[in-house]
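Annotated Zn(2+) binding site per Swiss-Prot: H156, H160, H166, in sequence order.
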Amino acid sequence: MVALLAEHTDTRQQAGLLVRPDNSDALSVAVTATPIVTTTGTPATPPALELDVQHGDGVSKRNGLPSRKQIEKWVKSALYADAALTVRFVDETEGRTLNRSYRGKDYATNVLTFAYAENDDDPVAGDIVLCCPVVESEAKAQKKSLEAHYAHLIVHGVLHAQGYEHDDDTEAEEMEAIETETLQALGFEDPYKPIRE
């Protein structure tokens with residue numbers, strides 16, 4: 001058995017592969033494929049999303065929380081496969097407890113992602129936990145809107161849920177490039193550009 005894989009960089013055209021040996025007694029094989037992505041690089045059929053939005057104790061009354069519609073739009077913009085995700089907004093106590101329990105760091109951080117896929121064949125599933133007081137403080141310090149910062153951190157979390165990491169410079173550059181492109185497509189500025197004075 002022979003397996004052949006052809007990648008076509010021009011998503012506007014069909015990819016084709018033809019194997020025709022010099023020997024006229026041999027079999028010719030032709031393979032064509034219809035593009036599965038649009039010219040913008042997004043899937044032709046959007047991935048299915050099962051989304052649960054949760055609010056920890058006392059968090060639902062905070063100002064500036066994104067709506068479910070916004071969250072769904074941001075999640076889908078960074079999604080490359082069908083997924084079941086929970087986006088949870090928490091206070092500093094819950095954020096700190098989770099960070100200490102799962103990462104051994106005794107402080108609240110802006111976003112934590114818990115990805116449940118054990119290998120590449122597993123469906124995308126995960127929890128994205130945002131600590132509201134930290135997100136609010138960072139947005140103010142970075143002179144960006146709270147909406148833009150929530151969008152960035154949700155996109156960041158969705159990428160983590162799909163296996164993206166930033167443990168070294170190469171991974172960080174790749175992930176940041178995807179985040180920047182995704183957020184700009186949503187109408188936000190580059191989240192990594194230097195802070196305005």
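Note that the numbers count up from 1, one per residue, in the order the chain is shown.
Cβ coordinates are placed from backbone N, Cα and C, and glycine is handled just like the others.
The structure displayed is predicted, hence computed values, not measured ones.
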_Residues other than H156, H160, H166 within 8 Å, Cβ to Cβ centroid, of the Zn(2+) site?_
T113, G157, L159, Y164, E165, M175, E179
_Cβ-Cβ neighbours of H166 (Zn(2+) binding site) (radius 10 Å)_ = 16
*Which is it, of H156, H160: the one of these binding-site residues whose Cβ has the most other Cβ atoms within 10 Å?*
H156
*Three-class DSSP secondary structure - H160 (Zn(2+) binding site)*: helix
